[in-house]
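Have a look at the structure below, then the notes.
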Amino acid sequence: MTLNNVTMRQGTVGMQPQQQRWSIPADGRHLMVQKEPHQYSHRNRHSATPEDHCRRSWSSDSTDSVISSESGNTYYRVVLIGEQGVGKSTLANIFAGVHDSMDSDCEVLGEDTYERTLMVDGESATIILLDMWENKGENEWLHDHCMQVGDAYLIVYSITDRASFEKASELRIQLRRARQTEDIPIILVGNKSDLVRCREVSVSEGRACAVVFDCKFIETSAAVQHNVKELFEGIVRQVRLRRDSKEKNERRLAYQKRKESMPRKARRFWGKIVAKNNKNMAFKLKSKSCHDLSVL
């Protein structure tokens with residue numbers, strides 16, 4: 001997945017009309033409000049005129065996922081958590097359409113929130129992305145609040161740093177304790193997959209961890225923008241699978257299957273048959289399917 005090529009001057013920001021970015025108050029007042037979606041309808045929003053030449057959109061070979069031209073009324077609050085330096089803010093910047101440059105004027109110190117409306121499986125959804133996990137000092141209490149306010153979570157680690165992978169496992173346990181009675185969508189994200197020679201955590205380890213902790217798994221590269229689009233599409237699907245009616249999810253699944261190749265359908269069918277009679281194969285099948293973000 002790549003963003004459309006856009007010529008940008010140093011210190012400029014490319015933004016879609018349906019994405020917004022604002023700075024969060026340092027005292028965390030925004031976290032004390034109720035979580036109803038309508039609370040976002042009165043926020044100040046950045047606007048973009050047709051003359052803006054620094055627009056960006058996610059490139060896709062299909063019509064499954066494009067930036068919506070109209071605001072949807074479905075909001076998903078997604079929280080990025082993980083160790084420092086694993087690429088959370090870079091993922092957030094790509095999501096927001098911000099040109100990632102250390103000299104960019106759009107760099108904001110402190111807690112950030114991004115909003116973007118996507119079209120996923122023919123339906124619009126607005127993601128409110130919170131990237132404030134690394135704020136420490138007097139705001140350490142924000143960690144506890146982050147564990148409570150999300151509709152979904154992206155636990156990010158670097159495949160080049162085993163310590164960050166182990167920390168991700170700890171965060172999954174903490175999140176389970178904080179939200180014991182809730183079925184919260186969680187995706188374990190192995191970032192920096194482009195750094196093959198520096199890899200310390202294998203794909204199989206990431207999958208096994210996701211199976212053990214009952215979450216989804218994907219590897220991304222924020223540097224080359226690989227699988228970032230799929231990541232945010234996937235978290236929308238995971239929330240929908242838990243929240244919406246069975247009939248509505250079945251229609252979405254049918255929508256996806258129409259675009260699925262015959263060989264993949266065959267592998268899925270035979271895999272289910274074999275797994276019924278073999279527990280070890282069932283575990284392997286679950287391990288392989290944990291990266292399928294379109295199913296529970």
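Cβ atoms here come from the backbone N, Cα and C positions, even for glycine.
Taken from Swiss-Prot, the feature GTP binding site applies to Gly82, Glu83, Gln84, Gly85, Val86, Gly87, Lys88, Ser89, Asn191, Lys192, Ser193, Asp194, supported by similarity to another entry. Residues near Gln84 (GTP binding site) in space but far in sequence (CB under 8 A, at least 6 apart, same chain), listed by position: Glu134.
Per Swiss-Prot, the feature compositional bias 'Low complexity' maps to 57-68.
Under the heading region 'Disordered', Swiss-Prot lists 1-20 (among others).
Marked as region 'Disordered' by Swiss-Prot: 37-68 (among others).
Across the region 'Calmodulin-binding' (266-285), the prediction's mean pLDDT works out to 51. The region 'Calmodulin-binding' annotation in Swiss-Prot covers 266-285.
Cβ neighbour count for Ser193 (GTP binding site): 22 (other Cβ atoms within 10 Å of its Cβ, all protein chains included). Sequence-distant contacts (6 or more apart, same chain, Cβ under 8 Å) of Gly82 (GTP binding site) comprise Lys88, Trp133, Leu154, Ile155, Val156, Tyr157, Ser164, Lys167, Ala168, Leu171, Val189. Cβ neighbours of Asn191 (GTP binding site) (same chain, under 8 Å, six or more residues apart in sequence): Val86, Gly87, Leu91, Val156, Tyr157, Ser158, Ile159, Glu219, Thr220, Ser221, Ala222.
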